[in-house]
Amino acid sequence: MAATPSLLIFHPRLTLFTTTLRPFSAVHHQFSLRPTTSNRLPILFARSSSRSHSSSSISPLATATPSLSTPHAGRSGSVSSPPYQAAADYSQQKIDVNPPKGTRDFPPEEMRLRNWLFNNFREVSQLFGFEEVDYPVLESEALYIRKAGEEIRDQLYCFEDRGNRRVALRPELTPSLARLVIQKGKSVPLPIKWFAVGQCWRYERMTRGRRREHYQWNMDIIGVPDVTGEAELISSIVTFFKRIGITAKDVGFKISSRKVLQEVLSFYSVPETSFSKACIIIDKMGKIPIEEIKKELNSIELSTEAVDELLQVLSMKSLTELEEKLGAGGEAVSELKQLFSLAEKFGYSEWIQFDASVVRGLAYYTGIVFEGFDREGKLRAICGGGRYDRLLSTFGGDDIPACGFGFGDAVIIELLKERKLLPELPLEVENIVCSLDPDLQGAAASVATVLRGKGQCVDLVLENKPLKWVFKRAARINARRLILVGSSEWQRGMVSVKILSTGEQREVSVDELE
């Protein structure tokens, strides 16, 4: 009997695989996919050509590859129908044990490291008076398709659900934050100080510290129009770095303002519609040759004179030099000077430097922008953020002054490895409880229950094992003490307690176990 059609998953760069494969036709245009029959659910993980405010392991289940109308799978085009194939029998096929390309497993030792990192994220956020929030991993695709040209638009894992709704795995957290702020409206008093640690997905080229699935720490302040907001956010990141052993010799912050770019472009009467496109291009500086930067800027209607002037300003590394060029009366220079003054009061002046080329790639930034970077230059940006005062109106809300940052989990781990600062986080268990007789397994369970009821961690040996095995187990889990349940002791309501670090052993009443 044929299996019921259930799920089709494909990506222009990945191989088509399906639990039940039957003929279908599809048109891929602007991330859309239309099924030909109502009982079919095609799911498109789409990527076009190419916040962090961050060898393929193809499944052996793969059975066919869609042909593409273009080699780069652009936002328009079509995907041809695969040939008919009967439902395959996978029962005899070996399953690939590797996770999908760009994703990770977290075995116990990796999970301990992740928990350590996330705990530091949370503790720092709480030190600064922020409250934790979270959002769905699955959001409306429209939440991210805001402004043409954004890099993030081309990196979405998006598809159509069973209700024919366009949805996407979140590539960042800030749009979800904006949605929730609009939803709450005036029921939440300003300023809002929220943080989140959430999983994000981006289909992008992988490099060291860059994956297609990552976790991101965000802190955002809603309702503060002054650069004190940005100063507070940078202070929180510096505090985090200090907690984990990173110093100003290891990491710095490049700081600029989108308003610098605006002032230069307005002088040359460059239309507002070209501004976000210019930001995307400038964000590539240092990643592609300068001649390519010039060509791309010319392609968005910037004159050669405007491009030369813009690149001259963007090369500036001194706030004094910028002030001489733009004058002291503009908002860009005024706000930057205020931020650097606040940095002295916060005590992190040595961590920051002015760099006019920093603009950040996302279109929603409107003022101060900053990036954390590895001073040795071996890693990509560690974190980034800035001001986004007009984001809420993009989603139909009233604009409220806002700023925030995104901080990925992958690059900071690479940096800690580089600096040999990764903490040793062995498994540690307070007690290991073992019965010396199979008939006393229930007694051992009752001892474990007593200790767990008192809040102690207990590893209960669940099988009848020799003492040699038990001692090896105790060493592996770094148990503090071994509790043995033997027949003669148990008859007297006692157990043997051995302190493993000293070898001291004594009998203790079960009622007196602590």
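One is the number of the first residue shown, and numbering goes on along the chain from there.
Just so it is clear, glycine is given a Cβ too, placed from its N, Cα and C backbone atoms.
These figures come from a predicted structure and were not determined experimentally.
What TrEMBL lists as L-histidine binding site is Glu172, Leu173, Thr174, Arg202, Gln216, Asp220, Arg360, Tyr364, Tyr365.
Annotation source TrEMBL lists compositional bias 'Polar residues' at 60-70.
Annotation source TrEMBL lists domain 'Aminoacyl-transfer RNA synthetases class-II family profile' at 102-423.
The annotation region 'Disordered' is assigned in TrEMBL to 51-85.
Between the farthest pair of Cα atoms in the L-histidine binding residues (Glu172, Leu173, Thr174, Arg202, Gln216, Asp220, Arg360, Tyr364, Tyr365), the distance is 21 Å. With a 10 A radius on its CB, Thr174 (L-histidine binding site) counts 23 other CB atoms from all the protein chains.
A simple way to gauge crowding: the CB of Glu172 (L-histidine binding site) has 22 other CB atoms within 10 angstroms, across all the protein chains here.
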